[in-house]
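Q: Annotated domain 'Pseudouridine synthase I TruA alpha/beta' per TrEMBL: B:9-101, B:147-253, in sequence order. The feature active site, nucleophile is assigned by TrEMBL to B:Asp52. Positions annotated as substrate binding site by TrEMBL: B:Tyr110.
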There are 2 protein chains.
Amino acid sequence: MRNLRFTISYDGTAYSGFQIQPQSDTIQYRLEKAVWMLTGETVKVISSGRTDAGVHAKAQVINFTTNSQIPVERWCLALNARLPKDIVAHTAEEVLPSFHARKAAKRKTYCYTIRTARFPDVFHRSYEYHHPTPLNVEAMREALPCLIGEHDFTSFCTVRTDKEVKVRTLYEARLETESDGFLDSGSIDRLRFFVSGNGFLYNMVRIMVGTLIQIGEGKRPSSDMQRILEAKDRALAGPTAEAKGLTMWKVDY
Amino acid sequence: MRNLRFTISYDGTAYSGFQIQPQSDTIQYRLEKAVWMLTGETVKVISSGRTDAGVHAKAQVINFTTNSQIPVERWCLALNARLPKDIVAHTAEEVLPSFHARKAAKRKTYCYTIRTARFPDVFHRSYEYHHPTPLNVEAMREALPCLIGEHDFTSFCTVRTDKEVKVRTLYEARLETESDGFLDSGSIDRLRFFVSGNGFLYNMVRIMVGTLIQIGEGKRPSSDMQRILEAKDRALAGPTAEAKGLTMWKVDY
């Protein structure tokens, strides 16, 4: 058996998330179907982490084992020909039998994009959350340092979860601004929240973003982030931000 | 009567171009329908220039006259609420009765995007043409200077046209490279061809791009561009490049 590792990207708009579920169209289902169409094998695709319904991936990492002797350099083209247009394999390599895309992941990075211009950008409308009024970026940035390091992130985890240990380590949390540089040059049209850690709880990034947006709107002080973190109570944090703004950005091994 | 001018953007994927046609869904039809839903008036929307089926616009300019007394600052939000998600009005202003979006346009800029990485970018798949092998950018750039200035562009105009005068002036034609900066940092993943002029013939940018791609592939020398231009014969130029890579970028008045 060979163990193959791929970098894939997907537009999650049309899918019920990564993980296979009955009567649902999922990324995992489409990948396993493509492998079956190519090799006749039923494989189990392992990802670095599941993404929710509507969440995208720029460079998700997956692996599966196969008996196929197709040379590794032909796999991406062969899979892409059997995948829908919104799922694309970019790189393929043969790895040691012990490699496991989730267990071996050292650092995952997500990006949440908020468009803050008055009107949506038609070309990115499926990949960013539209907040039609400006946000206080400095206040949002002040709320970020307390998140770095090892913490119990219970407050930023949906109550619908089976994970008992809620301790994770964040390595980086930063907010970047972008301008369209076009219709109103100089104005901030888009915020990108990049967050890296050793792992993320269910809805963790989206609940952080929901809280950050309330801070940016002036509905809460920046200091609320630390207060919420320490309380270990989901009810104190902000709402779960819309899935379409979230993209799994990259995974380091 | 008030004359209103708007900047609009649209994802042209789902439309049969800008201009109203029987039994077709077009941008103009959607705009006029939105105005009718808002005001009850039947207006005629004038654009800076028609775009073909599948061609996008980042900042198209339109105008129309109306008896409505709705304040100008409310128009974009009101129209956007009545337009499909793939057409967005960004700015509105009241202009002199004499303003005509096409006749007053001084300079139009188009951008044609070619993705040259091996596999498509899922997030831009509707807005760029995928050419899965690298192109010789230097050879393509060498072909551009001869296009600048006033020329008869008959060779770069579809034969299906009713325009008799094929003389136009190009002010700028440049090719920019972009890297995803990610999967294979340093590699060129995307080319953007920006071209500005006082006007464009039917399919002119797409035929130039089809010719440029042949030059980039090494199928023709860079000097062919001037030879084709001087011959005034459409049959000598390359094919018409796919519509989805083309975006009307901006219009100057």
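Keep in mind that glycine also has a Cβ here, set from the backbone N, Cα and C atoms.
Bear in mind that TrEMBL entries carry predicted annotations, made automatically and left uncurated.
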Q: Given a 10 Å Cβ-Cβ cut-off, pick out the one of the recorded positions B:Asp52, B:Tyr110 that has the most other Cβ atoms nearby.
A: B:Tyr110
Q: Take every residue in the domain 'Pseudouridine synthase I TruA alpha/beta' (B:147-253), average their pLDDT values, and give the whole-number result.
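A: Averaged over the domain 'Pseudouridine synthase I TruA alpha/beta' (B:147-253), the predicted model reaches a pLDDT of 94.
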Q: For the domain 'Pseudouridine synthase I TruA alpha/beta' (B:9-101), DSSP counts of helix, strand and coil?
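A: In the domain 'Pseudouridine synthase I TruA alpha/beta' (B:9-101), the DSSP-based counts are 25 helix, 24 strand, 44 coil.
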Q: Expressed to the nearest Å, what is the distance separating B:Asp52 (active site, nucleophile) and the residue listed as 'substrate binding site' at their Cα atoms?
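A: A Cα-Cα distance of 13 Å.
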